[in-house]
């Protein structure tokens, strides 16, 4: 029976519906892949973060099944109690080796890592500097830290320099996404690292959308730019390019030792399931052994970039297989998503509050499992859905 104290929720849901902002789940009837079954139809999947096409890889499935048989379905407890299993340590050692750091620590998700690490590093007498377009989990972690939150304009190195110089604090922490998830552009990490060196600030880089994709060994943007040794906190996810689940923080041994004691999202949660960690361990080996996967997805991204620019979209700053097809208002983005589905493509509309009002978009992503023909077919379908009058801004028909 519905309880009266929750009646306010009905009004909230009605308001969300009226604004076109109410969200709903839509389950897949197939594993992740370049083509998925949704709503009884098989559609080309252009909204997954499975960048290397590993989520349904038989090697990951086998590793997960073997780990479940060997170590059980669940971990049963926090790692500080009775949930620290052999596969967790094996994965952490492999991550540290891949990242070139002394140690690494697993978290249940990227949100857990970003929400838990900043509060372990800074507090009331400190300041944390965050790009205005950082992921929501970073913002939440900064707020939970109770440090002074100083937000700087997106990728604005000069403003960050001024703020670092003009903000007194016991400790200073600069936090940035490596690749920004809604726009696909890269942070100016070389310049940010230089500012952190100059001001004695710690540097935290969220490589969620760069891990496995960028860099000679798939280490991320910091590796690609040659500044990995100047990053104090490397955060990456295991559920995007690596196709499994969970996240990690890599860095100096003393950093990890502190997080084991102070990161509440590590201490007060059940350890990751053995199957997920084993799948991630298998994926990491594939990332190192098969660089052609990175080359493949980046080549497809280059093809998509050319096609979108031909249609009038500015994607010149995109540095990863993430493309913002910005259409403006929410209704226009939703209409485009529906029209593309009718043409066989699964692309979700991204609306406020995920992106700023007036920038609703289609967020188009690619994986190494896609083909050139699928990219070209999508561009053709998008051209049908959009009209470009007189070379002006694209709009939905």
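The backbone N, Cα and C atoms fix where each Cβ goes, glycine too.
Quick look at what Swiss-Prot annotates:
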BINDING   23, 135, 354  substrate binding site
BINDING   110, 111, 181, 209, 237  pyridoxal 5'-phosphate binding site
MOD_RES   240  N6-(pyridoxal phosphate)lysine
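For residue 181 (pyridoxal 5'-phosphate binding site), the nearest neighbour among the binding-site residues 23, 135, 354, judged by Cα separation, is 135. Secondary structure at residue 237 (pyridoxal 5'-phosphate binding site), taken from DSSP and collapsed to helix, strand or coil, is strand. Its Cβ placed at the centre, residue 237 (pyridoxal 5'-phosphate binding site) has 27 other Cβ atoms within 10 Å. A distance of 23 Å separates the Cα atom of residue 209 (pyridoxal 5'-phosphate binding site) from that of residue 23 (substrate binding site). Around residue 110 (pyridoxal 5'-phosphate binding site), a 10 Å sphere centred on its CB holds 25 further CB atoms from the protein chains shown.
Per-site Cβ counts within 10 Å over the recorded positions 23, 135, 209, 240 peak at 209.
Of all the recorded positions given, namely 111, 237, 240, those whose Cα is no farther than the 10 Å limit from the Cα of residue 135 (substrate binding site) are 111. Look at residue 111 (pyridoxal 5'-phosphate binding site): DSSP puts it in a helix. Residue 135 (substrate binding site) falls outside any helix or strand according to DSSP and counts as coil. Residue 111 (pyridoxal 5'-phosphate binding site) sits 15 Å from residue 354 (substrate binding site), counting Cα to Cα. The shortest Cα-Cα distance from residue 110 (pyridoxal 5'-phosphate binding site) to any of the recorded positions (23, 240, 354) is found for 240.
The residues near the pyridoxal 5'-phosphate site, meaning same-chain residues not in 110, 111, 181, 209, 237 whose C-beta sits within 8 angstroms of the mean position of the site's C-beta atoms, are 49, 114, 135, 137, 206, 208, 239, 240, 247, in sequence order. Sorted by the number of other CB atoms within 10 A, the binding-site residues 181, 354 start with 354, the lowest. Counting every protein chain shown, 19 other Cβ atoms lie within 10 Å of the Cβ of residue 111 (pyridoxal 5'-phosphate binding site).
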